[in-house]
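Asks: Before I ask anything, here is the structure I am working with.
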Amino acid sequence: MDRPNKAIYLYQTSKGNHEIRTIQEPYVPKDAQSLVDVQYSGINPADTRHVYMDMSNYVAGYEFAGTVKQVGPKSPFKIGQEIFGISIPYNNRPNYLGAHQSFLLAENFMTFARPDHLDPITAATLLAGGGTAMDGLLNVLGYGFPPAGIPGDDPTNVPILIWGGAGGVGQAAVQLAKAAGFFPIITTASQQNHDVMKQLGASHVFNYKSPSVVQDIRNLLESKGWSLKTVFDAVSTGLGVFDGLTEEQEKAVQQKYNQSSSAMARQCCDPNIPDSELRLTSVLPVKMDPNYVFCLNFRPVEILDIGGEVTKDTKEEEMTKWKEWQPRIEKCIEWLIENHEKHWQPPRTRVVKGVEEGLQGIRDVWQGKMSREKLVIDHRV
């Protein structure tokens, strides 16, 4: 740590505030840890949302790319090696896990070697959206991924609706669905993003702002004889969960549940398919519909108590699933690292310089000022 370790710190207030701090504590890698000189870190809505999920009081940020400076005795990496990864969120986690700082300690979990053909900015934006899309498609929805030899139900020519294709998770889901063999791949996006969505692999794109969007999608499905039972809500808007709302405000939002992305996406499904056969996943818990299952970007051995989701499984059953699901995510990530040049177009990125600009970037992302754009902090200033 040859320079001041400037960081963006998340502390708990009713507004989920961040502030810039210089971290004084030295980071010394132990066991399988690696000390990383951070080049870039990716900004995500979770940088703010997690305070409303009772997670705070730590250095913010999850996605990172950088250079190994020191290693613990069990680290799989070498000094000077380029790596990237994503860290686990939890309340009062150690400062050394935060991505939005000059240096961090990377655990072995969800950390990968970065080959020369994968540039650091792409690497620093890959795992939050990509991992969530993988968990949704391969684990929650239960499909295989033939290109990587991941078993599961055959996705070939299975219709899928990805609501919110222009966001980070949506773009990843569209591209992975294309590689897996889903068809048709139907998505929603603002009108200005329709051409890009088709370039990424969507076969049909609808404007989610249109008052007739649900009927338009159903008309397409009926005209083609396609039966839709698979939905990936990649935005989960209008649910009122983890948005920093008061209890009264949350109830008011939930009273308008039929206007939420989750409700509208489900309304597009074949009405003749029973609930038990629907495959629905979302990026936030859907309290009003237990048929939706919340997807994450990784499945650690210790289950994260995030709350808000209705589940019929016991904790032991959940843990068994998570142990089976995490290797599937990692195998798909490894496939994507090797094949990203053919199958992956990263989100449009804008680099901000240092934690000062990064702090404003976090606020802009949370306020929804980005459209099909990912902000990345350059810590080499």
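In case you wondered, yes, glycine gets a Cβ from its N, Cα and C as well.
Under the heading NADP(+) binding site, Swiss-Prot lists 46-49, 166-169, 189-193, TYR208, 255-256, 370-371. Sequence annotations record features per position, and here Swiss-Prot assigns substrate binding site to GLY130, GLY131, THR132, ALA133, MET134, ASP135, GLY136, LEU137 based on sequence analysis. What Swiss-Prot records for 276-304 is region 'Substrate binding'.
Help me understand the surroundings of these features in the structure.
Replies: Just so you know, the Cβ of LYS256 (NADP(+) binding site) picks up 11 other Cβ atoms within 10 Å once every protein chain is counted. The secondary structure of LYS256 (NADP(+) binding site), as reduced to three states from DSSP, is coil rather than helix or strand.
In the three-state DSSP scheme, GLY130 (substrate binding site) falls into the helix class.
On the 0 to 100 pLDDT scale, the region 'Substrate binding' (276-304) averages 91 in the predicted structure.
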Asks: For the recorded substrate site formed by GLY130, GLY131, THR132, ALA133, MET134, ASP135, GLY136, LEU137, which further same-chain residues have Cβ atoms within 8 Å of the site's Cβ center?
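Replies: Residues close to the substrate site, other than GLY130, GLY131, THR132, ALA133, MET134, ASP135, GLY136, LEU137: GLY129, LEU138, VAL169, ALA172, ALA173, LEU176, CYS295, ASN297, ILE329, CYS332.
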Asks: Would you count the other CB atoms within 10 A of the CB of GLY168 (NADP(+) binding site), including those on all shown protein chains?
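Replies: Taking every protein chain into account, the count is 28.
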Asks: Nearest to ARG49 (NADP(+) binding site) by Cα, among GLY130, GLY131, THR132, MET134, GLY136 (binding-site residues)?
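Replies: Going through GLY130, GLY131, THR132, MET134, GLY136 one by one, the closest to ARG49 (NADP(+) binding site) is THR132.
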Asks: Would you say which of the binding-site residues GLY130, GLY131, GLY136 has the most Cβ atoms within 10 Å of its own Cβ?
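Replies: In terms of Cβ crowding, the pick is GLY136.
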Asks: With GLY130 (substrate binding site) as the reference Cα, tell me which of the binding-site residues ALA46, SER190, LYS256 is the closest one.
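Replies: Answer for the nearest of the binding-site residues: ALA46.
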Asks: Mind giving me a neighbour count for LEU137 (substrate binding site)? Other Cβ atoms within 10 Å of its Cβ, every protein chain shown.
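Replies: Cβ-Cβ neighbours of LEU137 (substrate binding site) within 10 Å number 31.
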